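Annotation source TrEMBL lists domain 'Response regulatory' at 24-148, 155-264. The 4-aspartylphosphate annotation in TrEMBL covers D73, D203.
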Amino acid sequence: MSEVSYGQEFEIEQGKIYGDSGLLVLAVDDDLKFADFLKTFLVKNSFRFIWASNSEDGWAYILKFKPDILILDYAIPSRASAEIKNGFDLFLKVRDTVEFKNIPIIILTGHPQKVRELLKLSFVNFHPSVVEKPVEPNYLLSLLKQYVKEKDEVNILLADDDVSVEIYLKKILPEKYKIDYAKNGREAIEKIKSKNYDILLLDLMMPEVNGYDVIRELRLNKLAPELPILVITNYPEPATEEERELLSKSMGIIVLDKSELSSNPDRLIDLINSQIKTN
């Protein structure tokens with residue numbers, strides 16, 4: 001950690017976490033006055049805060065501390081030979097890294113239209129929030145609180161060609177469980193490419209692309225190697241050794257017989273919660 005002072009008025013340390021509880025916000029910005037303001041403002045509003053003054057330290061802190069939210073200045077400095085030249089390069093680096101690709105990101109800039117044009121050319125699935133400088137504190141706080149709300153929700157993708165399963169799950173699951181529906185494996189894969197889910201509830205026997213093919217894409221082809229998968233099926237016994245391996249615990253798969261949905265609905269809720277916590 002390096003201590004940086006700005007006259008007698010500001011003092012803040014890079015790599016030091018401020019605050020005792022709440023989501024961890026990493027700000028990467030060379031404006032020391034703004035960083036000091038963020039530290040005080042966010043800790044007061046129940047966030048934890050950490051700061052980096054350049055893109056290289058920012059990436060190092062992402063790897064080390066795994067923050068929940070990123071605030072990136074578009075024009076942060078770097079060494080001439082640095083791989084990550086500015087805040088937008090850091091954004092692309094994060095989005096291109098499986099472990100961090102779904103972290104909420106806010107990009108601060110005096111040129112928002114330029115950043116939006118770059119985003120159109122970047123072909124990334126999860127765009128950041130682009131906020132024009134100077135930043136209005138209450139607007140920034142409203143964005144951060146939205147991320148807190150989303151963090152509290154459980155985002156579920158249900159892939160099943162039987163729509164009655166979706167109707168039933170919406171009846172038995174608490175309100176915080178938000179369900180998106182895919183009627184086959186192909187739709188499920190496309191949805192996973194474009195949105196971050198906490199868990200996938202997967203039927204095996206579906207048209208076009210079946211559940212086994214979805215598992216192959218997510219696990220073997222590493223589209224979403226860490227996404228918890230709960231298989232809910234009328235056919236829990238695999239037909240081949242390869243299918244047996246795909247459904248194994250080594251793949252991070254839990255299998256639930258569909259008959260248990262109606263006979264023991266609490267079992268489903270317990271499994272969803274345990275899978276999310278384990279992950």
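Even glycines carry a Cβ here, placed using N, Cα and C.
Listed in sequence order, V28, D29, D30, D31, G87, I107, L108, T109 are the same-chain residues six or more apart from D73 (4-aspartylphosphate) with CB atoms under 8 A from its CB. For the domain 'Response regulatory' (24-148), the DSSP-based tally of helix, strand and coil residues reads 59 helix, 24 strand, 42 coil. The domain 'Response regulatory' (24-148) scores a mean pLDDT of 90 in the predicted structure. Shown in sequence order, A159, D160, D161, D162, V165, G211, V231, I232, T233 are the residues of the chain, 6+ apart in sequence, with a C-beta less than 8 angstroms from the C-beta of D203 (4-aspartylphosphate). For the domain 'Response regulatory' (155-264), the DSSP-based tally of helix, strand and coil residues reads 44 helix, 25 strand, 41 coil.
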